[in-house]
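What TrEMBL annotates here:
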| type | residues | note |
| --- | --- | --- |
| TRANSMEM | C:6-23 | transmembrane segment |
| TRANSMEM | C:30-51 | transmembrane segment |
| TRANSMEM | C:63-94 | transmembrane segment |
| TRANSMEM | C:106-125 | transmembrane segment |
| DOMAIN | C:127-416 | domain 'NADH:quinone oxidoreductase/Mrp antiporter transmembrane' |
| TRANSMEM | C:131-149 | transmembrane segment |
| TRANSMEM | C:161-182 | transmembrane segment |
| TRANSMEM | C:202-228 | transmembrane segment |
| TRANSMEM | C:235-256 | transmembrane segment |
| TRANSMEM | C:268-291 | transmembrane segment |
| TRANSMEM | C:328-346 | transmembrane segment |
| TRANSMEM | C:367-385 | transmembrane segment |
| TRANSMEM | C:405-430 | transmembrane segment |
Amino acid sequence: MMNSVILNAATRLLVSLLVLFSIYMLLRGHNLPGGGFIGGLTGATGFVLYAIAHGTEATRAALRVEPQNIAMIGLGVALAAGVSAAIFGDAFFTGQWLFLGATEDDKGLPLSSVLVFDIGVYLVVFGSILTLVLALEEEV
Amino acid sequence: MELLVAVMVGVMVAASVHLMLARNVLRFIFGLILISNAANLTIFAAGRLTPERPPLIPEGADAPAAQVANALPQALVLTAIVIGFGLFAFALTLVYRTYQTLGTLNSDEMRLAEPRGEDGS
Amino acid sequence: MSWTLASPIIIPFATAVLAFLFRRGPEGRWLSVIGAAALLIASGLLMAEVWAEGVVAAQMGGWAAPFGITLVADLLSAVMVVITGITGLAVAVYALADVDARKEELGFHALFQVLLAGVCGAFLTGDIFNLYVWFEVMLIASFGLLILGGRREQLDGGVKYVTLNLVSTILFLSAVGLLYGMTGTLNMADLHGAVQEVDNPGLLVTVAVMFMVAFGVKAAVFPLFFWLPASYHTPAFSVSAIFAGLLTKVGVYALVRVFTLIFTTDVAYTHTILLWVAGLTMITGVLGAAAMNDFRRILSFHIVSQIGYMILGLALFTPLAIVGAVFYIVHHIIVKANLFLVAGVAKRIAGSTDLAAIGGLYRTAPLLGLLFLIPAFSLAGFPPLSGFWAKYVLVKASLDAQSYWIAAVALVVGLLTIYSMTKIWGAAFWTPHPEGRAPRLTDLPARDRAALLVPIASLAALTCVIGFYPEPFVVFAERSAAQLLDPAAYVGAVLGEASGAAAEAGPGLAEPEGGQ
């Protein structure tokens, strides 16, 4: 933890920016560079910065949920995305797509189990990185 | 191009073997990190290096228009990097904890689990 | 069909998530037991299907082989998954009494279930890169389990385990890359055909040897076994038992798989190396065990020596030898896990695993004595227990193949195994306790006693069943060996069925990604 006014002030802004950017990276990931892993890393970077500026206790309080639990919930979400193919009678991990408001020549808003899987990956990466970093920070 | 990458892999492996032969466990881990990157490069080169376009399929088409780079090794390397990242993060944490607990990183002095003498080793 | 194949992987993962979220209460450990029981049922269903229909395969995500990731189960895979279910359930019950609340809070049950998922995944995958991924899943979970609790010896053993396994991992990865570079495929069934067409057989053998070394580290064969006796005696007993039963056997399984399915182009060279490795592994393991004076360390070295027998079966590469190898793996997992569980009870009631510090168990806890003797005699190969038949088949196979020296080695190592087992028996059970204590099973709380002894008794009963009625198991091993030596069914199930299914469900397969 560092006591620097500039860092403290900048962190508040940077954390929200990084988290927002990480969600952007997550959502564009299916067709463009990005995705759950990159997004999770970016998001975790935001909270690592927060931990450097405000200490680990404040970070844990800001996260509300324990990072280990976030990672495990992410694993559950990713697994659920794979298992969801069972409802439609497809093989394990078959992508399921729903095109909201699709018309003849417009795909509408594509929602898919692939995205749900990516959100799971995001949470796993986010949670496990923060688990590791916070544990290391607390020991030093 | 493949030759160049092959030479690079060779140099990296040589350097990492040098590091891994050290008694210091931290050096060993650094050697591992280096050699894992050499392995990634090996996979990458094994998929043939071509100075072509990235393997992206244009909107509306079913196949890439011209010859593109092999996408599979890229996917493999990406997976390997992600896994390696997790493993080495763990390994570094472990080495750090070990140093704190045992007070040494010299592998010759790490004999707690296998005490000297009792088995003559 | 795809779901019977995927469920042994899905169930432990789902259990891991739930068990972790409930890790602070008693629900976590019961979820783990329920999950392990569900895994056993799922594996039983898979086994029934494979037994009835032959090799079954499924493509993940509906991507046709050899492009997608294939899950495939032949009899060997199926029986390995069943054994994983059995040991998983036994250890999950044992852990009720063995693992303390602190380790549970750190996530013992979740790690344990992830380990089971990784092991099942490794047995069921039909893709060599996917095999690497499952190895890593397994490895990460085992790292966590090994150092859980963070005692000094655990960290010390952990460093050796982690570093050497990482080396093998990287070797495996490079070998996969080079193999892909030569053949252009990663699907194991497809590789079976593709390696026949490689122009440079020398290079292929080099890659085969890389795989041999990488899996050899995992399987703990001579001269790559040093991490095993350095670490297996340090963690909780439940962890030791599951490691001893399953982890090295995944390495053996991988060796059997690639050296029966893919690298059979130069059997005279590769399998001769394996034969030497097998002999030396048996000898060094058993000699190492003879020098030890700790319950768990003796057992750890015996894992190494027993691995030699399994490799021997693979190395001889005759139908009978493969039968022996399959039989041996099945028998060994049950027996070895059980011996570590017995060691845990001995430590609980007598206070140590150091043979010099305990004793008198036979007089005061005769039931434990009996439960030790069954797996111990089986390990040493006493008739009519399961180990006897396993060794008998292997020795007969080596005599048939006119490899007399390896048969002699196998017999001598069997004798030395008896020596180690009698050493444990004499020190822990027969001689009086050095501090004059009278360790009794009744000292344990009733609930703990049930949780500790029921798994041990069940596994011992299973050993006896295999021993007294070996016929169905040998028939099973024969069918399994026939599948391994003639991979046509395996290849057909993976590639043939995929092309058939693609033709049949062509439009349906294209649908999910069709929106692009």
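Cβ atoms here come from the backbone N, Cα and C positions, even for glycine.
Counting only same-chain residues 6+ beyond the ends of the transmembrane segment (C:6-23), those with a CB under 8 A from a CB of the stretch are 29, 31-32, 34-36, 38-39, 42-43, 45-46, 58, 60, 71, 81, 84-85, 88, 104-111, 113-114, 116-117, 120-121, 124. Same-chain neighbours of the transmembrane segment (C:405-430): 275, 278-279, 282-283, 285-287, 289-290, 293, 295, 298, 302, 305, 308-309, 312, 316, 346, 350, 355-356, 358-362, 369, 372-373, 376-377, 379-382, 391, 394-395, 398-399, counting only residues six or more beyond its ends whose CB sits under 8 Å from a CB of the stretch.
Within its own chain, the transmembrane segment (C:202-228) has Cβ neighbours under 8 Å at 135, 160-161, 164-165, 167-169, 171-172, 174-175, 178-179, 182, 195, 247-252, 254-255, 258-259, 262-263, 265-266, 269-270, 273-274, 277-278, 280-281, 283-285, 300, 303-304, 307-308, 311, counting only residues six or more beyond its boundaries. Among the recorded stretches C:30-51, C:106-125, C:367-385, the one sharing the largest number of Cβ pairs closer than 8 Å with the transmembrane segment (C:131-149) is C:106-125. Ranked by the number of CB pairs under 8 Å to the transmembrane segment (C:106-125), the listed stretches C:30-51, C:63-94, C:235-256, C:328-346 are led by C:63-94. Contact between the transmembrane segment (C:328-346) and the transmembrane segment (C:63-94) is supported: at least 3 Cβ pairs lie under 8 Å, counting only residues 6 or more apart in sequence. Nonlocal intrachain contacts for the transmembrane segment (C:235-256), taken as residues 6+ away from its ends with a CB within less than 8 angstroms of a stretch CB, comprise 76, 80, 83-84, 87-88, 90-91, 94-95, 98-99, 103, 108, 112, 115, 119, 122-123, 131, 135, 138, 142, 145-149, 154, 157, 212, 215-220, 228, 274, 296, 299-300, 303, 307, 310-311, 314, 322, 325, 329, 332-334, 336-341, 343-344, 347, 484. Within its own chain, the transmembrane segment (C:367-385) has Cβ neighbours under 8 Å at 302, 306, 331-332, 334-336, 338-339, 342, 345-346, 349, 361, 391-392, 414, 417-418, 421, 424-425, 429, 441, 453, 456-457, 459-460, 463-464, 466-468, counting only residues six or more beyond its boundaries. Sequence-remote contacts of a segment are chain residues at least 6 beyond its ends whose Cβ falls under 8 Å from one of its Cβ atoms, and for the transmembrane segment (C:30-51) they are 1, 4-5, 7-8, 11-12, 14-16, 18-19, 22, 73-75, 77-79, 81-82, 84-86, 88-89, 91-93, 95-96, 109, 112-113, 116, 120.
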